[in-house]
Amino acid sequence: MYKRITVKIGSNVLADANGGIDLQRLGHLVHQMAELHRHGIEVILVSSGSILTGRSELRLAKHLDVVSSRQVYSAVGQAKLIGRYYELFLAEGIHCGQVLTTKESFETRSHYLNQKNCITQMLAEGIVPVVNENDTISLTELMFTDNDELSGLMASMMNVDALVILSNIDGIYDGNPSDPSTQVIRKIGRGKSISQYIQETKSKFGRGGMSSKAGTAQKVADEGIEVIIANGKRNDILTDLILEEKDVLCTRFEPAEKESSNVKKWIAHSEGFAKGELRISPKAVEAITAADVARSLLPIGVVSVTGEFEKNDIVRICDEDGNYIGVGLSRYDSRKIRQLAGKKGEKPVVHYDYMFISDTNH
Ligand code: GLU
């Protein structure tokens, strides 16, 4: 039985046929989460739907550009959405609380730890955190790719046992979902890449799509957390999956066995914040990916450096052809690495404690 889970609810799950909020669905989902809560399972909810709600609520007097309308819709929509959650949880005898965050809040370790502390204390008080991006201020390049990415960061930060991503389809299909012979892939084994199956259909109401869900899921599973992609429109989906442990139709990503340290978890999700890239030699790839021993990345293994970054910035680590190997915290700034690249006997560029190697075969 799980002790702590993250549940992500996408806008598509909450949308009704007219593009408004389906209050019945919302109530049903809250009821299920309350059931989990009563069984002693801590739930961290990541809910989309602020923009959807705002849009269905408002008739703007003036035509606004995409950015401004997003800000206005989310400001109003989030207020209504959290209000609904608050009332629905309270009717179940549970308090929930709002946590709004931005990508920037995950970039520095101190902000990251502040957020973690807030959610830890809420959970200890029996309060359900309802997390969303602060869409009023996170714009363009400062945005999370989508709430799937945010839910992955939350799952990893809070060290949950499972991340359940609820969407409006049953899981990841092995072909085009509209083709009758296509089936849901029930289980994705450790370190298996499923990119060949992903059909890029963008979500109607949210920003995410299947490839971003799969990307997040693989990353989180790489860290040792089980990920389930399931249909949030299906009744009793959460209780069936989590409490009854029924064999519900969904896609499960088998978690890696390794236990990552907290710093490594943070680094694993920092790829999006990487300020530069290091390409490394085949020998260095072999050294840092060795399964039996943890090795740091030495300057001798660095072939080239892209981007300008400071000491302690996050960098992507790739092989000579640019294939992604992992991410790490650089102990030197980019200028210094350029000087040291290929040299013997220098201190590591990325220490193994501050490096995350992906398990997925790309
Ligand atoms: N934060 C956005 C919202 O609440 C959703 C982002 C997404 O679609 O993933 O509307």
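From the backbone N, Cα and C atoms, a Cβ is placed for every residue, glycine too.
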Same substrate site as Asp135, Asn147 according to TrEMBL: which of Ser47, Ser48, Ser56, Ser68?
Ser48
How many angstrom lie between the most widely spaced Cα atoms of the substrate binders Ser48, Asp135, Asn147?
11
Any of the binding-site residues Lys8, Ser48, Asp135, Asn147 with a C-beta atom under 6 A from ligand 1? Give them in order, or none.
Ser48, Asp135, Asn147
Asp135 (substrate binding site) to Lys8 (ATP binding site), Cα to Cα, whole Å, comes out at 16
Would you mind reading off the Cα separation of Ser48 (substrate binding site) from Lys8 (ATP binding site), to the nearest angstrom?
8
